[in-house]
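**Student:** Pulled these features from TrEMBL for this protein:
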type: DOMAIN; residues: 61-136; note: domain 'Membrane-bound transcription factor site-1 protease-like N-terminal'
type: DOMAIN; residues: 217-472; note: domain 'Peptidase S8/S53'
type: ACT_SITE; residues: ASP226; note: active site, charge relay system
type: ACT_SITE; residues: HIS257; note: active site, charge relay system
type: ACT_SITE; residues: SER422; note: active site, charge relay system
type: DOMAIN; residues: 493-624; note: domain 'MBTPS1 third'
type: DOMAIN; residues: 625-891; note: domain 'MBTPS1 fourth'
type: TRANSMEM; residues: 1010-1030; note: transmembrane segment
type: COMPBIAS; residues: 1035-1045; note: compositional bias 'Basic residues'
type: REGION; residues: 1035-1060; note: region 'Disordered'
type: COMPBIAS; residues: 1050-1060; note: compositional bias 'Low complexity'
Amino acid sequence: MFSKGRLGKWIPHFFRCDIARGPKLQIGLVPFPCQLGQSTPERFQSQSCKKYSVLEPKTRTYIVAFNGYFTAKARCHFISSALRNTEAENWRIVERENPASDYPSDFEVVQIRQDARSRLLTLQDHPYIKRVTPQRKVFRTLKLLSDGSSSCNDTRWVQKWQSWQSSRPLRRTSLSLSSGFWHATGRHSSRRLLRAIPRHVAQILQADVLWQMGHTGSGVKVAVFDTGLSEKHPHFKNVKERTNWTNEKTLDDGLGHGTFVAGVIASMRECQGFAPDSELHIFRVFTNNQVSYTSWFLDAFNYAILKKIDVLNLSIGGPDFMDHPFVDKVWELTANRVIMVSAIGNDGPLYGTLNNPADQMDVIGVGGIDFEDNIARFSSRGMTTWELPGGYGRVKPDIVTYGSGVRGSGMKEGCRSLSGTSVASPVVAGAVTLLASTVLNRELVNPASMKQALIASARRLPGVNMFEQGHGKLDLLRAYQILNSYRPQASLSPSYIDLTECPYMWPYCSQPIYYGGMPTIVNVTILNGMGVTGRIVDKPIWQPYLPQNGDHIDVAVSYSPVLWPWAGYLAVSISVAKKAASWEGIAQGHVMLTVASPAENDSAVGGEMISTVKLPVKVKIVPTPPRSKRVLWDQYHNLRYPPGYFPRDNLRMKNDPLDWNGDHIHTNFRDMYQHLRSMGYFVEVLGSPITCFDASQYGTLLMVDSEEEYFPEEITKLRRDIDNGLSLIIFSDWYNTSVMRKVKFYDENTRQWWMPDTGGANIPALNDLISVWGMAFSDGLYEGDFTMADHDMYYASGCSIARFPEDGVVIAQTLKDQGLEVLKQETAVVDNVPVLGLYQTPSEGGGRIALYGDSNCIDDSHRQKDCFWLLDALLQYTSYGVTPPSLLHSQNKVTPPAGTDKPLPERLEGNHLYRYSKVLEAHLGDPKPRPLPACPHLSWAKPQPLNETAPSNLWKHQKLLSVDIDKVELPNVGAYRPQVRPLSPGESGAWDIPGGIMPGRYNQEVGQTIPMFAFLGAMVVLSFFVVQLTKSRSKPKRRKPRIKRPLYLQQQQQQTPHTA
């Protein structure tokens, strides 16, 4: 499929459908017939697909997804028909040489010359083509560090995967920028192997109890998508198939990552896995350079469906939940009953760092803990960010388990210790494989039922919120009990809403609700264990408990019209009724919904299975706070990756160039939110345009790091609101078109440079917003340490204030010109850079405006020195009109700049912000604002009151229906742990080892003899101690003679003076 080029890069072969009249290359011609159907136009009946070994220059690679599975001939026909007016040399179909190439496929990989990209539209218009997306390259370097720790049997392994490192730099490094500032980092631009950062975990989780019952994973097919596995590794007996999906001609693991993952799941020797008798299917999807492509995964996924894989472990991830071919294929996998287990990510402890596909509803997303049951620092935290800005994220991870210092198989032999969520994921995958083998009726096992059993049995960790631990720690034996008494049903995740339960229900429990506030949105996942597809019957019902003041709250619900695959969403919006505007107390009720799913085994036509579930709701209500205490966070105008390239706010973060954490008060601004709550402020989120909120209810509108444009109607309304008393605080960031051109980075899969569509913030748009007051930010780019009001500060890639009213207060500092360093690698210090401005609008009763040129000091993702004190001071100014004396009389106070000597920053020419903007749309090459969207309108559910008492403990009250774990008994072997006999240096790796102590059937004979020897040994020890005790009691006690001190010592002690 690939050949080695002169530059050491792999160059793919291609095949194409050639038009007879068009020019043909004569290099490496290998005929490949493309027989077209009868409906083919006459001019194309002479086409043939031919293979070439030349990579055409200036081409871009795309994945063409079809509406079904077709043969290679049919796919070639569809593409050639769509591109019938395109010259033959302008496009190629990339040949795929892998096991899936012999079967029909639902996609094709096509290369199109850059000057013919307009033909993409014609491809998308074809009736059999569903979508055309760029081919994604997955690249991640796994660095190995020397480790002095020995393996479990003192083998040659003395390495571990690189330990977790914070994305925040420990020191500031030189930029030293070349023409490509960020060159193909790949960290957050694509999927990658989640690095394993460095006990036999199966025994710790009591897998041996199930082994003693004869359950060892037999009959379950488990796939490991990773870096491969050696053919004769001594730890594995039942490797059913090894397949290679990369461009390297090997099936072996050159890194050790895939071997370790497979060992945690299915090793039967030394460092034992969970399911040693399971069928292992090894999919090598990463090269030894940790490179992969989306198309490799798509082919491998199709092959997994063909092979009817039961469990699939995917220890990779990335933030791109908009990689449509990949996401769609994961849905298709789970729809075919493949239970996918995936690592949640190693980007903790920052919130909003979940990786895909673990953040999908149909996938079991796994986080990591250490052996002291602490959440691992590296484990990514929720919430999901798909739903922003209009909605709210879902609870992820689903479950956590050991992922720190876990032992697994070495690359060739022996054991090693690794850490990371890529370790926690195979722990759960192995447990799932073992659990699946315990169920007699395998039809009951599906992605939803398995997830239901795992989360219902999980042990909640104390003092940890749900966005860190999900539903808790994996409990293998409780999951076994639940799964073996399970009946198909629907359930909810989370199973209840309790806004009073802290810390588990953080952030919901961190702030009470009140009348007039933005509705609190809780995004609940519906799991449908009855079938791959389902629906909600009628509408969900809101039933308030009258004795618990349930009529004091209003509830609105929206939900998935179809539950597929195995899951859907239920968005619950909670608000306070007007009659409770001055009331304080607890209100309760529940939402009831009925899920119907087609009965797969019902002989009756149209038969359905029905399951009714309740979602308890409990909230704390307080009287509406005063306007001065209410802060509104503008979420609507924040953009992030994906879908576009939005760069980090700190230009020194070269290893992490993309802004992908959501910019939400509960993700990368979590610490700021916690601080504001501790200061008594009530913080709400605006997920709609500025035209959609009542400004009279709020004291301050807080805009931080805004990348979006503004509707003209928004600008007009904000000016009117500020004249009527609303105040505004803006934390900006850098914007410089020359620097934006410099900080492009090369995307190797599309062979093009990515240019930012904005800077750290959209300064031209912000200037349009505040221009009426004579204010503007500049395109200057500064950094440096300084002191303000006796506080140490760090300015990280911020801008300056270019214009400000002459009667305002402006604070300036001495900073380094970072823009000059980026552009010319020169260093310069600039005095009197205006960084902070305070202004009281002149209208009577008007609000106040505060500007600051950098947001990094309140952003958790790369904050070095926080400026929460400054935010407090600004809120004192905007909410109460109190100017902090430390700022008003600062020695750094300067005359406000007029800004007439230098033009204001303009938008980057040719930017593509309109592609991702909610405000702009393309219009004849000149983007213009879209029509202002209507404000969101919630349809409040009609309450059906209940005159009964609500349950007091919502967590323990919620259980899976029709499940009684007491009926499933476990053998009394909890104290028994089989020991592992390591291989001696010259021992063979043969599998017929009658004396070896292995799980399942391998240790049944030994398991019968060990208790007898243990009993005899215990009796001998007990007899010894009885004899010794009898002898000691039979001897008469002797009284020790009293020894008198000699007389001369007593006299000497009396004569010696005491000293302190």
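Note: Cβ is positioned from N, Cα and C throughout, glycine not excepted.
Each of these features: where is it, how hidden is it, and who are its neighbours?
**Tutor:** Here the domain 'Membrane-bound transcription factor site-1 protease-like N-terminal' (61-136) has a mean pLDDT of 85 out of 100.
Counting Cβ atoms from all protein chains shown, ASP226 (active site, charge relay system) has 26 others lying within 10 Å of its own Cβ.
Counting Cβ atoms from all protein chains shown, SER422 (active site, charge relay system) has 32 others lying within 10 Å of its own Cβ.
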**Student:** Give me the count of other Cβ atoms within 10 A of the Cβ belonging to HIS257 (active site, charge relay system).
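**Tutor:** Total other Cβ atoms inside 10 Å, all chains included: 28.
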**Student:** Can you grab the distance from SER422 (active site, charge relay system) over to ASP226 (active site, charge relay system)? Cα atoms, rounded to a whole Å.
**Tutor:** 10
**Student:** In Å, rounded, how far does the Cα of ASP226 (active site, charge relay system) sit from the Cα of HIS257 (active site, charge relay system)?
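**Tutor:** ASP226 (active site, charge relay system) and HIS257 (active site, charge relay system) have their Cα atoms 7 Å apart.
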**Student:** Helix, strand, coil residue numbers for the domain 'Membrane-bound transcription factor site-1 protease-like N-terminal' (61-136) per DSSP?
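**Tutor:** Counting residues per DSSP class in the domain 'Membrane-bound transcription factor site-1 protease-like N-terminal' (61-136), I get 29 helix, 29 strand, 18 coil.
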